[in-house]
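Here's the structure, in structure tokens; my notes come after.
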């Protein structure tokens with residue numbers, strides 16, 4: 001496998017794992033078979049022009065788009081089985097980590113990887129437990145004829161998703177702690193970032209508390225740099241995200257980048273709206289109080 005670290009903004013970085021050709025002697029697990037079967041079924045439903053399957057797909061894709069991109073990134077990393085642990089620890093080849101040298105210093109890459117692997121562990125554990133608790137509660141819906149038990153299957157999927165994110169994070173954490181990574185700066189990735197046109201959306205306050213993931217060497221233009229020095233600025237647009245996947249010849253990365261860019265842009269927009277509302281609040285209150293006192297003063301003068 002190969003890992004990619006791609007900064008989406010000056011505070012948010014996408015982790016993605018590319019699965020390289022597996023050895024022909026390696027047997028797929030039951031989990032792989034179930035995942036493949038579910039993917040084929042979902043793809044078949046997407047081809048439907050109408051019907052309840054098409055409606056489920058539409059609502060499902062809407063929900064999938066809102067699952068945090070960090071979770072999708074961790075899910076792309078295969079779980080650390082006992083066999084894989086022994087092979088990676090005793091193997092002569094290290095796991096390659098591709099990253100932009102112009103944005104991420106080499107000595108910071110392991111720390112960023114470990115942060116991405118561990119910062120959401122408690123959240124995934126907590127939500128996994130809630131999904132497991134909810135599954136028996138929604139199971140009786142299957143007794144209702146005709147109606148598919150969508151709440152139950154959704155909780156099953158979300159439980160699996162949180163488990164996979166936990167397992168992927170532990171795998172990345174293992175690679176960092178055992179120093180099994182080969183850090184590889186990519187001129188191709190740097191060229192895509194360098195070709196990005198600015199300005200891009202930004203906010204004076206970061207949308208995340210993960211300060212360790214901040215891109216310190218970001219310097220697109222003096223205007224942007226001085227505008228929000230401690231805030232957050234986008235580093236990739238949707239158009240350049242597609243160019244990234246083409247430059248890396250990695251079409252399966254496109255949906256991950258598109259989702260991550262959309263989510264971070266939405267977070268920045270939401271942050272700016274909240275800040276604007278907070279700034280306008282005291283001013284509007286003051287204006288309202290002045291308008292209330294103005295007639296009273298005029299009345300006092302007439303008396």
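Don't overthink the numbers, they just go from 1 along the chain as shown.
Each residue, glycine too, has its Cβ placed from N, Cα and C.
Just so you know, TrEMBL annotations are computer predictions that nobody has curated.
As annotated in TrEMBL, region 'Disordered' covers the listed stretch 271-303 rather than the other ranges in 238-270, 271-303. If one looks beyond the transmembrane segment (128-147) by at least 6 residues along the same chain, the residues whose Cβ comes under 8 Å of a Cβ in the stretch are 155-156, 158-159, 162-163, 166.
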